[in-house]
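As recorded in TrEMBL, the features of this protein are as follows:
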DOMAIN    B:15-207  domain 'ABC transmembrane type-1'
TRANSMEM  B:20-42  transmembrane segment
TRANSMEM  B:54-77  transmembrane segment
TRANSMEM  B:89-109  transmembrane segment
TRANSMEM  B:121-141  transmembrane segment
TRANSMEM  B:147-169  transmembrane segment
TRANSMEM  B:190-209  transmembrane segment
Amino acid sequence: MIELRNLTKEFKSKKDRIVGVDNVSLTIQTGEIFGIVGYSGAGKSTLLRCMNILERPTSGVVRVDGVDLLQLSSKELRKTRQSIGMIFQGFYLVSSKTVYDNVAFALKAAGVENSIIRERVEELLNLVGLRDRINQYPSQLSGGQKQRVSIARALANNPKVLLCDEATSALDPNTTKSILALLKKINKELGLTIVIITHEMEVVKEICHRCAVMQDGRVVEQGSTFDIFSSPSDPLTKRFIETVLSFELPAKLLESIQGKLVRLQFRGDMAAEAVVSDMLQSFSVKGNILHGKVEYIQDVPLGIFIMEVNGDELEVDQALDYLRGRVSKVEVMDNE
Amino acid sequence: MSNIIEILPELNIAFFQTLLMVGIALLVAVLLGLPLGIILFITDRGLFLENKWVKSVVGILINLIRSIPFIILLVFLLPFTNLLLGTTIGPLAASVSLSVAAIPFYARIVESSAREIDKGVIEAAVAVGASPWMIIKHIILPEAKPGLITGLTITAISLIGYSAMAGTIGGGGIGDLAIRYGYYRYDNTVMFTTVILLIVLVQFVQYSGDFIAKAVNKR
């Protein structure tokens, strides 16, 4: 649905040039929810804004639904933008207009006939669950409700793509959850392709099918969300994953450990306990589970256990080899 | 007291002359200053009709007029007024130079109140595929409305002040009355009356402006 080829965006200031996006190529499939993660200043927002030419790339190709956006006249671009919805961290509703008029504006901008507008606005507000707020002003709404209005506005002209620029970053965790659930729902029901920019790995874990990690204007890693979570390769990706899957053991506990500290990773369909008890029975080692967690990534469980394995060194190594054959990942950790 | 009653008819005429002068100038300010202010804003860097050339030409033109002191502008525009109306006397003639002064004054106010709008709101409208005209009509004007009204109040009050100057060179109005009776004839009663009248007028304009601006503000 979205294809970026060798996309570069430079910002010229008086003295020097700053590279916002550095030669990025990405393909986002129709109907998927794609996350772009990175710290602030990584260029992710600029990259997103290149997808509807709010920011004109310095070089490269931007293709949305087969249309090369950089070849369009400004009139054609406006028409195309109607099929690319966008929501923002700051909501950006028109404060002098009611909820109804805010959503209706998008329809008027697309030249929709007046007689249809009322019905369509009501339909959209039903979808985002704000039908009863139709005559209120943005200042009377909570952050989550404002974001729902802006989603309704973005969906007004039946877009094929929805771009979300840190759409949940200004919201509290509960509201974030409900907005993500709404995005998930419209992705399923309307088959909408969604691109999400965020610095919160939680968001990616919750709804993204695939994701890319950005640093200094470049994509350092991309893949399916489960793969990224279960086997991150770039150090930055690992740091991001740790924000969701962190296992801090108390220092006192670490001191008392005599054997090997092992981190086991299971893919959901494996019974973790069974594998561990098999191992304990087959080898003369003692095991002690110190920490464990099962995370659901895109509804696929990912189990991580930290255990201490005690015993004869040779026997321990054999036991670990046995585990390597059975679980998806075995890592011997530093005791320090 | 008796001299007040004596000049009451004249005061009445002068009052309406002032209203006429200021009214015409305000109307012209809205008709021409508002679009110019909007042009200044939307051609600015990073906005949807960014255009350095147009921005600087309009900007320089506005600064040019604004840098001329009103009393000089008044004299400077006499030939133009004569060409336009065939006379340089009377409130209508005075309203020409008042209008010329009001246009750039209001344009700058319009520009600065448009700048108060969150750029993101405009960007969201661009992202929705709205045309420049749609954005001006449905986003910029409604969002800037309280500022536009406050600005019109400021312009009106400045114009009331300017109209006194215009009065001295034959424009009529309250200012003219005050100068003629108060300054040339040392008639303090008339002068005080006109001053009080002006104070009441300015207070009224300010109060109504604030009231309307508050009523349209939905923020």
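Just so it is clear, glycine is given a Cβ too, placed from its N, Cα and C backbone atoms.
Against the transmembrane segment (B:147-169), stretch B:89-109 shows more Cβ pairs under 8 Å than any other of B:54-77, B:89-109, B:121-141, B:190-209.
Among B:20-42, B:54-77, B:89-109, B:20-42 has the largest number of CB pairs under 8 A with the transmembrane segment (B:121-141). A Cβ distance under 8 Å defines the sequence-distant neighbours of the transmembrane segment (B:190-209), meaning residues of its chain 6+ beyond its ends; these are 3-4, 7, 11, 14-15, 18, 149-150, 152-153, 156-157, 160, 174-175, 177-178, 181-183.
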